[in-house]
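Take a look at the structure below.
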């Protein structure tokens, strides 16, 4: 969308005011007796007041009316959004889904909220420890409705169709190959421009942060300056028919009515904001001699657990890059992992499975479930000349990796009817190459 402006940086202390109201940010204090322009001061806290300064998250919003002015919340239908992790029996098999179906607007109008479908997850919103993985498939904008997640952060990965996200902090246009994060408690509304599909990683109990770089040094992977936060934008709009605020709370949906737009924030300052990031800006680190580095070198964002080095969830990408390793089987290796791995594909063909794994679909390899390249990939890569080559050109695959053992929902296993029950067959043709008479060649 032409004309949208952003502030650059990750986790910065930002300040922004709508240029229509210069001087709307109070000077020298957060909560004056009377705010400029007759605004209300409201703090949005993303952490406990007493968190150490490096992890203390809060923003001050200066708005025309405070968010507390609304009718009581009442329960509403949750559709296929759920936190019921025991509705079907566990399934340790390798799982793959064909591209999820987007409803036709001529048949049924579906917006972002009604188009949310929980695929898998684990943990508990009440104890603030867990994650959920959702698909969204929609065809219409939210109109006079907004969404507010009291349970956790949403990391949104559009796959088909751009989305215009209006937040209390301003507007963001997010296109496929970009991501955005809407943190806990932030109200937002999603406009779409046709049939739209994407993935959502929800984390309760932690916020996303940049991974530590360790021996890599000060630079690399996702650089902080490439993250963009919207600038203040407000609308002073009365809604005679009622504006609906939808709240996700303890895994359920509730709605309330108010008579005005919630996007009435004239100015704000703080370090607790929504943000977006273009995956093309990721600085890839890779092997340049031999062997295969672990996929953690492709981590964009991480939500840490209380155990050092163990993530509640990592967002990992597999972008276009050079493969140059000598004496090495270059595709992902065969693997059993103590983490759960959900893979999605934004565009192109994933290098380890060029057939079957399609944009808008997904796969889940649960903890300790074996996985790896299919037969064609193995045979081809075992005999290919090891010259420098471009890997994943025109492709963007990603992974939500988690230390939780994730349960798949009934919608994911049955209702969506997109589960590829023949997935296991891609490994069936693997054959023995073992030769007991092999001896190392004499040099």
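Note: Cβ is positioned from N, Cα and C throughout, glycine not excepted.
Because TrEMBL annotations are produced automatically, they should be read as predictions rather than curated entries.
Here is what TrEMBL records for this protein:
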ACT_SITE  292  active site, proton acceptor
BINDING   335, 341, 371  Fe cation binding site
BINDING   350, 371  homogentisate binding site
DOMAIN    5-279  domain 'Homogentisate 1,2-dioxygenase N-terminal'
DOMAIN    281-434  domain 'Homogentisate 1,2-dioxygenase C-terminal'
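Shown on the structure are the features that TrEMBL records.
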residue : record                       : contacts (Cβ under 8 Å, 6+ apart)
292     : active site, proton acceptor : 325, 328, 329, 330, 332, 333
335     : Fe cation binding site       : 370, 371, 372
341     : Fe cation binding site       : 364, 365, 371, 399, 400, 401
350     : homogentisate binding site   : 318, 343, 357, 392, 395, 397
Can you tell me the mean pLDDT for the domain 'Homogentisate 1,2-dioxygenase C-terminal' (281-434)?
93
8 Å Cβ shell about 335, 341, 371 centroid, Fe cation site members excluded:
332, 336, 337, 365, 369, 370, 372
Residue 371 (Fe cation binding site) has how many other Cβ neighbours within 10 Å of its own Cβ?
19
